[in-house]
Amino acid sequence: MGLLDSEPGSVLNVVSTALNDTVEFYRWTWSIADKRVENWPLMQSPWPTLSISTLYLLFVWLGPKWMKDREPFQMRLVLIIYNFGMVLLNFFIFRELFMGSYNAGYSYICQSVDYSNNVNEVRIAAALWWYFVSKGVEYLDTVFFILRKKNNQVSFLHVYHHCTMFTLWWIGIKWVAGGQAFFGAQMNSFIHVIMYSYYGLAAFGPWIQKYLWWKRYLTMLQLVQFHVTIGHTALSLYTDCPFPKWMHWALIAYAISFIFLFLNFYIRTYKEPKKPKTGKTAMNGISANGVSKSEKQLVIENGKKQKNGKAKGD
């Protein structure tokens with residue numbers, strides 16, 4: 001007998017039981033959350049983070065429409081300050097995670113979460129919180145693209161990366177602000193020091209961009225990062241590391257999604273035969289702000305790059 005054929009009382013009992021189970025599960029998950037971070041900014045409830053992410057997606061949708069009949073903003077100085085500010089923030093996070101984990105005697109193979117108020121554990125939790133905040137700040141990458149009318153840079157990879165990182169790391173900080181979580185954040189913040197250094201230098205314009213030949217290796221570095229993440233997480237599962245298994249499996253699935261997306265980007269950008277360029281050059285799908293130039297802005301004369309007209313958006 002199906003649910004629709006059941007007595008009304010039976011249906012209500014099923015619905016009531018399901019609702020009660022959901023409420024109990026919600027209360028249970030909240031009861032095992034990290035007490036150290038519960039009163040930190042943005043951590044009392046998921047709604048501020050979800051609201052910020054929703055506003056971000058609305059801007060991704062409405063921003064290009066608003067800019068359609070407007071001139072792109074000239075943001076060279078803003079981009080230089082922003083990118084090098086992100087270099088400093090990510091270096092701070094990397095340093096705090098490295099020093100905190102070193103002083104706490106963390107293992108890079110397997111490390112459970114210590115929810116105590118030990119000074120090094122709190123230092124690691126705070127650094128991870130700053131890492132989470134940095135992912136919210138990175139929403140500005142997209143804002144700057146749209147204000148500069150670089151809409152071709154706002155790809156699915158770009159939006160997927162930014163929106164999911166900020167949202168999912170709220171979960172990470174709420175329940176596992178320490179232990180194995182330090183490894184991925186430490187590695188990623190170090191890579192972002194390199195990335196934002198590149199973007200900050202590139203924002204100065206064509207006179208320095210010609211020396212930044214290593215752009216393609218940023219994507220390769222990110223691909224290596226995701227493979228290392230999968231290997232490290234798989235090793236933790238193999239050794240039965242006392243860290244939440246659901247987070248291990250979720251991290252593996254998340255890293256695999258990035259491998260496919262970044263590999264697709266890398267092949268399309270660097271491996272496929274180049275088509276005659278009629279617009280803007282390909283850029284890193286994540287946060288290549290301050291770098292792109294249209295072909296009409298740069299011409300090759302006697303082997304040297306020269307400006308041909310005023311560049312917009314830089």
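Keep in mind that glycine also has a Cβ here, set from the backbone N, Cα and C atoms.
Per Swiss-Prot, the features are as follows:
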COMPBIAS  293-304  compositional bias 'Basic and acidic residues'
COMPBIAS  305-314  compositional bias 'Basic residues'
CARBOHYD  Asn20  N-linked glycosylation site
REGION    274-314  region 'Disordered'
TRANSMEM  42-62  transmembrane segment
TRANSMEM  78-98  transmembrane segment
TRANSMEM  127-147  transmembrane segment
TRANSMEM  165-185  transmembrane segment
TRANSMEM  188-208  transmembrane segment
TRANSMEM  217-237  transmembrane segment
TRANSMEM  247-267  transmembrane segment
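Cβ neighbour count for Asn20 (N-linked glycosylation site): 10 (other Cβ atoms within 10 Å of its Cβ, all protein chains included). Beyond the ends of the transmembrane segment (247-267), by six or more residues, the same chain brings 155-157, 160-161, 164, 168, 172, 175-176, 180, 184, 216, 219-220, 222-223, 226-227, 229-230, 233-234, 236-237, 284-285 to within a C-beta distance below 8 angstroms of the stretch. At the 8 Å Cβ cutoff, the transmembrane segment (78-98) and the transmembrane segment (188-208) share at least 3 close pairs (sequence separation 6 or more) and count as touching. Counted over residue pairs separated by six or more positions, the transmembrane segment (42-62) shares fewer than 3 Cβ pairs under 8 angstroms with the transmembrane segment (217-237), which leaves the two as not touching.
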